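As annotated by TrEMBL, domain 'Sporulation transcription regulator WhiA N-terminal' applies to 19-106. Positions annotated as domain 'WhiA LAGLIDADG-like' by TrEMBL: 132-223. Per TrEMBL, domain 'Sporulation regulator WhiA C-terminal' is recorded for 226-309.
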Amino acid sequence: MSYSSDVKHELARVISSGRHCRLAELSALISLLGTVKKEEDDRIALKISYDNATLIRKCFTLLRKTYNIIVDIIINKSTNPNRKHMYSIIIKNDNIARMVLDSVKLTYNDAIEQKYLFITDNMLLKNSCCKRAFIRGAFLSSGSLSDPEKAYHFEIVLPDMNRAVLIKDIMVSLGTDAKIVSRKNSYVVYLKESEQISNMLGLMEAGNALMDFENTRILKGMRNEINRKVNCEAANINKTVSASMRQVKDIELIRDTIGLEGLPPGLRETAHLRLEYPEANLKELGEYLTPAVGKSGMNHRLRKLSQIAQDIETDSTG
């Protein structure tokens, strides 16, 4: 299973103890997975379909616990090995179907034959716990989460802007900086910050996924910090080597033209040390002297040697 599937597998087993939270989660699930079919004499049937048996079992459990009704699960097996089986719950009793839709605040457009569902009001979303349950249902229905080893990305794909705005507003009210982007014929509510995704996993009650996510985030952060330090040290080493090669070249020019013995004692000593220890940094080079000389002192001496070499080159070309 993918990382996102593992998270959904855990969330599919979360059943709220409060009826109001179960209603909120059912509202999200049915609004995104449900359709209404008009039967004879204006009777309706409510169908909830998805290609994940675990999620359909959750819908079954929520319906049973909330309304004390038993419904059948129908399996439509695919003959195509590349396609998943489809699992459906169908409520054929008109009174029960209408009661469920009314209690989860959903309605449908009577003008079309296959009737998709729309939220009529936000009464179910007044409490923070119900908002969290609603987001859990929306994520289970049409969300995904990238493997944190590869990227930080949480999203819920909605079929229309109204639902996208509703989901985004709920997520913002829960403390996230959710945003909306259009993608083909859909609207995507998403999070990109690792800390906000971590908070969202906690809000949806994905405890195990949250721990795994945090562990991965910490390890990834440690690896990035180690890589940053290694790269920084490598850059410093390259800088030291380049400077040292330049200094050695200058000192060799002085040695081969006017000689080192005529230099002031401090410069002469520094020149000999640099030729002897070309790989040493300024701090290490200064510690070879007695008394030791600091980095700034060594840098000052080497700059003087460089200036002498430049003067020699100028004289030779003049």
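Start at 1 and count along the chain as shown; that gives each residue its number.
Glycine too: its Cβ is placed from the backbone N, Cα and C atoms.
Note on the domain 'Sporulation transcription regulator WhiA N-terminal' (19-106): DSSP counts are 43 helix, 23 strand, 22 coil. In the domain 'WhiA LAGLIDADG-like' (132-223), helix, strand and coil residues by DSSP number 51 helix, 19 strand, 22 coil. Shown for the domain 'Sporulation regulator WhiA C-terminal' (226-309): DSSP residue counts in helix, strand and coil, namely 65 helix, 0 strand, 19 coil.
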